[in-house]
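Asks: So TrEMBL has the following annotated:
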type	residues	note
DOMAIN	19-289	domain 'NADP-dependent oxidoreductase'
ACT_SITE	51	active site, proton donor
SITE	76	site 'Lowers pKa of active site Tyr'
BINDING	109	substrate binding site
């Protein structure tokens, strides 16, 4: 079955495919998973330094034979490389692993710095993560230079609060092309999403299936988002699953979504989430917003994330 391939526009003029393939976790499974994804028709792949999957993504891209110009590749700067002098080196290391000359989008993974270190997660003798003192504004200014070097076509951020973003906009010169955040029908953040639109910042939704991910302890003692009766009911109307409706909800809002899977049939099925919901569907989904956030590492990272957002 041919799937739609919706393209959305960034403030740089570039187009980002609405459905991307997430590569967080299961590092060993990523090369075959990305190979399946590219074969199925995905052209947007999302990775990050911390995932340890950049090399696998690079190998899968190379094997696919798909021209580089047809792909949209995102990777992310990790917290141990926030010192302005470390940023360009970190991007070079990512590009080396990806075996690419440039990425389409380079994101600051979190606003919070760790201590400068060759260790991705530097820990003190007490076992706690060692935090750093680099200011995310200075980190971002170093990312602006990566834009000038051509090694990334666009820059952006991930996991920022509104106040952090507002300060960033005030003190830097390049408006982020994208902000990658946890967002799904149980954490809709409508006002925050509208604010992004007013600033021309594209939203990419990670964990678009909410508590489907086993890593989220807080999501274990409840049903799965994709089984929410409202999503399932809307799915029946369109001949789709609840999971596909969750993806379509984001795309209808003009966001990109990055579901992840290592199962070939699910990888294909997620592409069928690229369709538009009507106003009545969207109204129904509005009613299931639980303001439930599943990913908040504030305690271990030593930083109060999302302080002014829903789900805190």
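A Cβ is built for glycine as well, from the same backbone N, Cα and C atoms used for every other residue.
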Asks: Quick one: of 76, 109, which of the recorded positions has the smallest count of other CB atoms within 10 A?
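Replies: Lowest Cβ count within 10 Å among the recorded positions (76, 109) is 109.
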Asks: To the nearest Å, how far is the Cα of residue 76 (site 'Lowers pKa of active site Tyr') from the Cα of residue 109 (substrate binding site)?
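Replies: Computed Cα spacing between residue 76 (site 'Lowers pKa of active site Tyr') and residue 109 (substrate binding site) is 5 Å.
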Asks: Across the domain 'NADP-dependent oxidoreductase' (19-289), what does the pLDDT come to on average, as a whole number?
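Replies: 95, rounded to a whole number.
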